[in-house]
Amino acid sequence: MTIPTSSIEQVIPGQGSMAQPQRAKRRSFRFVANKKAATGLIILGVYLVLAVIGPWITPYDPGARGNDLVQPPSADHWMGTTHLGQDVFSQLLAGTRSVIFVGFFAGIVATVLSVVIGVTAGYVGGKTDEALSALSNVFLVIPALPLIIIITSTLENAEDSLIALVIGLTSWSWNARVLRAQTLSLRRRDFVEAARASGERTWRVIGFELLPNLTAVIASGFVGTVIFAVLSEITLAFIGVTSATTWNWGTILFWAQGQQALAQSAWWWFVPAGLAIAILGTALSLINFGIDEFVSPRLRSAGKTKIKTASGRTVRMRIGFTPVLDNRAQHSHATPTPVVRQEVVQ
Amino acid sequence: MSQPVIEIRNLNVGYGLGDQGVRAVRDVNLTLHRGEVLGLAGESGSGKSTLAYGMTRLLAPPGVITGGEVIYHPEQGDPYDVLSLSDSQLRKFRWNETAIVFQGAMNSLNPVHKIATQLTDVLKAHEPKMSETQRNARAREMLKLVGIAPDRMDAYPHQLSGGMRQRVMIGMALILQPQVVIMDEPTTALDVVMQRQILGQLIELRERLGFSVIFITHDLSLLVEFSNRIAIMYGGRIVEEAPASAIYRDALHPYSKGLLGSFPALKGPRRELTGIPGSPPDLKGMPSGCSFHPRCPKAFDPCGSEIPMLENRPDNRSVACWLVNS
C-alpha cells in the first residue's frame, strides 16, 4: 500500500496540533487519599508512636503499688487502678511496645517465609513444589498455639523477640499455600509465558511479573499474620505462659482475670486493653482494604464512583448499569407518548 | 418501510467526567427497523462498541451516558425509553427484549459447567414457571437451530470447537426470543469459513424468528454482503447511513469510500487498494469542524470550521459531508 507522501504531511501537522491531550495530573500520595487507608494509617501511626515513647511517658511506674485499690477512672488515674493500686493507663502504655513489636516482627518473619516458600513452590513446580508443599502442609496441621505454649514455657523468661520468632515460624504456612495457588494460576498466563519465552531470568519473572500481581495477597497475608501474632502474644500472656513482669495488654488481662475484675465490676481494668486490641485490628484491616484498592489498577482508575445526574440524584457507577446523566425523556416518559419517527433535524 | 424497533435519538456517551472525560459517541441518531440487519462499521475507536453498550446501558465504569433517548418499541404495548428504566425493569428488559453477543463471546462460557446448564440457566431466571423438561426441550431446540447436534447438550465448553462455542452463544442469546440482537464483532476470532457459516445461519434464523440485528464490525465487506442497511461511524458520529447495496455501489462520504477502498473486490477489474492515510482522531482533542477533514482527500472550505450534520436524502440515505450537503 502506497500513501502519497504529500497526504502524510498534510495529515501529520494537523494531528500534531490537535492531538495534545493534557497530561493527567500526577497524583502522589494517592494511597493516602483513600479514606479507609488514611484512617487505618493514622490509627496505626498513633500505636507506633506509643510503642516508641509509651514506656517513657507513663504517669506512674506500671508495677508500682499504690494506696488506691481498684479505683474507677479518675483525674489521678485515667483508667483506674488494679487490686494492688497500680495505674492501668500506665500499664497499657507500657504494654504497647511489646505488642506492636511482637506483632510486626512475627508478621514480617511469616510473610517473608510464606512468599519465599509459596512462590517458589508455585513457580518452580516439580519435586521442589512437592517438598515445599509437604513442608507447609506439615506446618499447617501443627496446632500453632499449643506448640508456642510448649516452646515458650520450656524457655524460661522468654524475650519478646523469641516469642515473635516462634509465632512467625509457626504461622507462615497458610499464606504460603494461598500464594502457591495464586502463583500456579498466574504462571500459565500469557504475559508470564511471554516473559519466559523472551528469555527473562527466573528471578526477574518472579520479581517483575509475578510479585506485583501478588501484592494484594501478600499484604492481606501480612496484615492477617500481624493480627494473629498480636492475639497469640496476648493469649500467651493471658494464660500466664510468658513472664508476668514485662507488661503487655495480655498481662493486664491476666491480672484482671486472676482478680475477678468482672465479678468486682471493675470494667476499667479489662475494657481498655480489649479495646486497644480491637482498634489495632480495625486499623490493620482498613489498611488492608486500602492496599486492595491501591494495587489493583482497575479499581484505582475508576476514580470517582458517585456522580450527580441532571435531576440532582446521585448515582453510583457500577458494572451493568451505566448511569444516565441527563435524560430529557424522564418526564415525558411517565405518560408514554406515541413515538413518531423523528426526522433528523439539521 | 416497516415498523421501528429501536430508535436512538441524540445519544451521547462518554468516559469519565469533567476535564478528564472524553465524548466517545456524539449526537447519534439511528433507527433499527423490525426484521432488519443494521451494520455498524468503522475503524477501531470510532465508537461502534461504545454506542452498542451505551444504548443497552452495559458500559462499564467510567462510562456514562450524558444524554439522549433510546426508544424501544415492544411487539405489544407502548414504546418506552430504555435509558429511564429502573434497575429491575432493566433486568427484565435485557435478554427478553434485547440480547447481546459480545466480542470474543466464545470465551464467555464457564468452563466448569455443561452447555445444558448454562443454556437453561437463562430460562430459570427469566421464566421461572417453566418445568425442567420444558427447559431442556427449549435448550435442545435452540442448539438444533444453531446447527449443533442436541446430544452435545452434556458437553463441556472445552469439548467444543471455537465455532461451536460461538454458535452456542448465539443460541443462548436467542433462547428468550428477543426482538433485537446486538452482535459486537461476533466472528472476529474465527476463520473465514466459520464466519461465513455462522453468518449464514444467523440470517436464516432471522428469517425464521423475525428478530432484528445490529451487527458491529470493522469488516465492511462482510456487512455489504448480508446486512440491509449500513451505518458508518467516525469519531463518535455516524457519517453515513444507507442501504448496503447503495453504500457498496456509490458511497457518498469520503470516509466510506476509503473504507471500501481498503479491501479487494472478489469480482471485477483489479484496482489498487488505497486505504485511508493518517490515524483515527484523538477523542480528547477532536479536530474542529468535520472530524474527518485532516485525513480527507477532498477537504475544502467549510470542512475545517463547521460540523456537517447527518442529512436525510430523498433516496433513503443520509450523509454528513459538506461535499454532498449544501
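Every residue, even glycine, has its Cβ placed from backbone N, Cα and C.
If you check TrEMBL, you get these features:
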- A:37-57: transmembrane segment (TRANSMEM)
- A:99-124: transmembrane segment (TRANSMEM)
- A:100-288: domain 'ABC transmembrane type-1' (DOMAIN)
- A:131-155: transmembrane segment (TRANSMEM)
- A:161-179: transmembrane segment (TRANSMEM)
- A:210-230: transmembrane segment (TRANSMEM)
- A:236-255: transmembrane segment (TRANSMEM)
- A:267-291: transmembrane segment (TRANSMEM)
Checklist entry - Cβ pairs under 8 Å with the transmembrane segment (A:161-179): which stretch of A:99-124, A:131-155, A:210-230 has the most? => result A:99-124
Checklist entry - Out of A:37-57, A:210-230, A:236-255, A:267-291, which stretch touches the transmembrane segment (A:99-124) the most, going by CB pairs under 8 Å? => result A:210-230
Next on the checklist: Assess whether the transmembrane segment (A:267-291) lies in contact with the transmembrane segment (A:37-57), where contact requires at least three Cβ pairs under 8 Å among residues 6 or more apart in sequence.
Outcome noted: yes
Item to check | Long-range neighbours of the transmembrane segment (A:37-57), counting only residues six or more past its ends (CB under 8 A) | outcome: 31, 93-97, 99-101, 279-280, 282-291, 293-294
Item to check | Intrachain residues whose Cβ lies under 8 Å of the transmembrane segment (A:236-255), provided they are six or more past its termini | outcome: 62-63, 82-83, 88, 91-92, 94-96, 98-99, 102, 148-149, 152-153, 157-158, 160, 163, 269-270, 272-274, 276-277
